[in-house]
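Novice: Here it is: the structure, laid out below.
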Amino acid sequence: LYSIILFCVFLWIPFVYFYYEEKEEDDGNTCSQVKTALKYTLGFITICAVLLLIGAFVPLDIPNKKNSTEWEKVKLLFEEFGSSHGLTALSFSISSLTVIGMLAAITYTAYGMSALPLNLIKGTTSAAYERLENTEDIEEVEQRLLRIKSKCRDGRPLSSRDRRTVQQLEERLRTLKRRERHLESIEKSWWMKFCEAIRPLKIVWGVFFIIVALLFTVSLFLSNLDKALHSAGFDSGFIILGTNLTNPLNMLLPVLQTVFPLDYILITTIVMYFIFTSMAGIRNMGIWFFWIRLYKIRRGKTRPQALLFLCMILLLIVLHTSYMIYSLAPQYVMYGSQKYLVQ
């Protein structure tokens, strides 16, 4: 599964992205579009190869032998690579992507954890209210048109500036009337009536998601505080021999493990929660590169490149989520309902 993620992030998604970019810029034949997409994708393949080589041939613990030659050191690198069967290379590459996923989670998931419940509580503007505003805009445009056209009642022609203004207002009037028909069809649709019927349920779900977000925040804070105060240190990866400051999820999951499959259901729910909040954050914020907005996510109007970016960001966030589960419930992930016996 990790290899499939590497394949998607470094080969498949970049190739399809550049293929669509080339298709929009040049309406040439498919063969030239594939060649150009492959040319740009080679850069991502090179980055992946560099990460794999670093993870394969840079050992974490090199034995210091005074009499060892350079050839023996190189031989040691290849022996370690052969003994691990390439797992260290894959592990280093996935860890590098997990760091990027952490940045994406800080940006999109954290925002979505507040945006999703607040949007459910706040709700969206009803079609009837939008239609009323649209009707007021139509009346305002029609009045402006009448005022301008009244200048030529005595037979004088309109000035070039007034003619341009009339053309712009008539175009805006046609757009507003199309929107009026669209809102009228939405107002009469069964989906709108269903959304209005479940409005109280949305408010309940919004309050519930706020409580869940607070639960995760408290659990992560207590778990990391426990690591900072009582772990064995940086050299051991902040491993904890026993729990000193327990958190709610760390208490609940080992209890649920005694009744199959309640713990799996809760873990799946947690992962799906992070995915949905991440999608809510991406939908509200759009795709950004530092301070530059690349794409907007809109229903029925999202470009294929934006959807590819969304898939890549979600892949990286899921990678980070699998790591974050260790901080949410370290006791459950390491030992389940068993206890670690300290000698």
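For all residues, glycine too, the Cβ spot is worked out from N, Cα and C.
The coiled coil annotation in TrEMBL covers 159-186. For 5-20, 40-60, 87-111, 203-222, 265-294, 306-326, the entry in TrEMBL reads transmembrane segment.
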Novice: Near the transmembrane segment (87-111), which residues from the same chain, at least 6 beyond its ends, have a CB less than 8 A from one of its CBs?
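Specialist: The answer is 2-3, 5-6, 9, 48, 51-56, 80-81, 274, 277-278, 281-282, 284-285, 288, 313, 315-321, 323-324.
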Novice: Which residues, given as numbers and ranges, are at least 6 beyond the ends of the transmembrane segment (203-222) yet have a Cβ under 8 Å from it?
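Specialist: Contacts of the transmembrane segment (203-222) (Cβ under 8 Å, skipping residues fewer than 6 from its ends): 113-114, 116-121, 245-250, 273, 277, 324, 327-329.
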